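Let me begin by presenting the structure, written as structure tokens, before commenting on it.
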Amino acid sequence: MNTFGREFRITTFGESHGKAVGVVIDGVPAGLPLSEEDIKRELERRMFCHIHWLNPRCEPEEFEILSGVKNGHTQGTPIAIVIWNKRAISSYYDELWMKPRPGHADLAYYLKYGKFYDHRGGGRASGRTTAAIVAAGAVAKKLLSQLGVDVCGHIIELGGIEVRRSYTFEEVKSSWAKPLPVVDDEALAAMLETLRKNAAEGDSVGGGVEIWAVGVPPGLGEPHFGKIKAELAMAAFSIPAVVALDWGAGRALAKMRGSEANDPIIIKSGRPALESNKIGGVLGGITVGEPIYFRVWFKPTPSVRKPQRTVDLAKMEPAVLEFKGRYDVSVVPKALVALEAMTAITLADHALRAGLVRRDRPLRDPVV
């Protein structure tokens, strides 16, 4: 499926080396302030062109809003956004046809679609397609801002270098003023060096990010199927290269006794609250009004400039690949922005399901 969501619903399209990637967004109520600058800002956060190793293709992210927005406000009709592919070089992939790259989706796509799949730049499986997700996420973030919800993430590990100190949500947000969104300057310097080193060696690295959603109202999610954690996990694993997810205090909770893991319930600002929020803002699959936080881990970019063993599917014999095209030394920074977007899309969908935002009336007619 290329469609995600029930009430706030996105359908993405396009391949890495096609004319464009894009998204159609259904479910946005009329009257939401939305400008091209809102979309542009999120797409630019994903670029990282100032670090050449992270985005050698460096698409200019020229886009058009084709429908659903007039005079700076949504119309309550489908919003279509197209992002043009300007800097694809398909000749890099000529010698890779029918020779699936280890670690990429090439083999899976061949087994599912036969010779009809587009292998150039990874085709539909490319990280390039997440630009469309980020554009949709910009709309979701704007909708969530009407409810006071703020979604932001940061890098916690890259190439084996970890952030080990504690931090606040404000530090997470301000880290975006740095070359990479990393709260710890010492870790940031080491991460930049490992990126440089692996680029020089023709290799790649993976890593981890943490997502925060603050101001999330209680009551989002369902008691069984449709749990908010389950749907956020599905959203996360929709992004290429994701390999693991850790919620709240995560694996540390599994090592505790129940008396340690349980969060005391207290009164804060006149309402029930959790004392430490080790569970990441969700109990029984439903939000409780505390910040949501979780970590997601990404594998290294499969494209590397080192010999890799594969098979020639046309001849059904062993082959060796040595990729000569452009590649990102790590998917982590760009994927972080896509993960923020999928988080916002999921929360917007649940806000609509819960009736916190109504689709059948303009936003200027408040329901909360």
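Quick reminder: no glycine exception, Cβ is built from N, Cα and C everywhere.
Record features, source Swiss-Prot:
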type: BINDING; residues: R46; note: NADP(+) binding site
type: BINDING; residues: R124, A125, S126, G284, K299, P300, T301, P302, S303, R326; note: FMN binding site
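The structure, with features from Swiss-Prot marked on it.
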residue : record               : DSSP class
R46     : NADP(+) binding site : coil
R124    : FMN binding site     : helix
K299    : FMN binding site     : coil
**Q.** Count of other CB atoms lying within 10 Å of the CB belonging to S303 (FMN binding site)
**A.** 23
Q. Hey, how far is R46 (NADP(+) binding site) from K299 (FMN binding site), Cα to Cα, in Å?
A. 18
Q: Give the residue from the binding-site residues R46, R124, K299 that has the most other Cβ atoms within 10 Å of its Cβ, counting over every protein chain displayed.
A: R46
Q: Specify the count of other C-beta atoms within 10 Å of the C-beta of S126 (FMN binding site).
A: 21
Q: Within 10 Å of the Cβ of T301 (FMN binding site), how many other Cβ atoms can you find? Include all protein chains, please.
A: 23
Q.
Just checking a number: largest C-alpha distance across R124, A125, S126, G284, K299, P300, T301, P302, S303, R326 for the FMN site, rounded to a whole Å.
A. 45
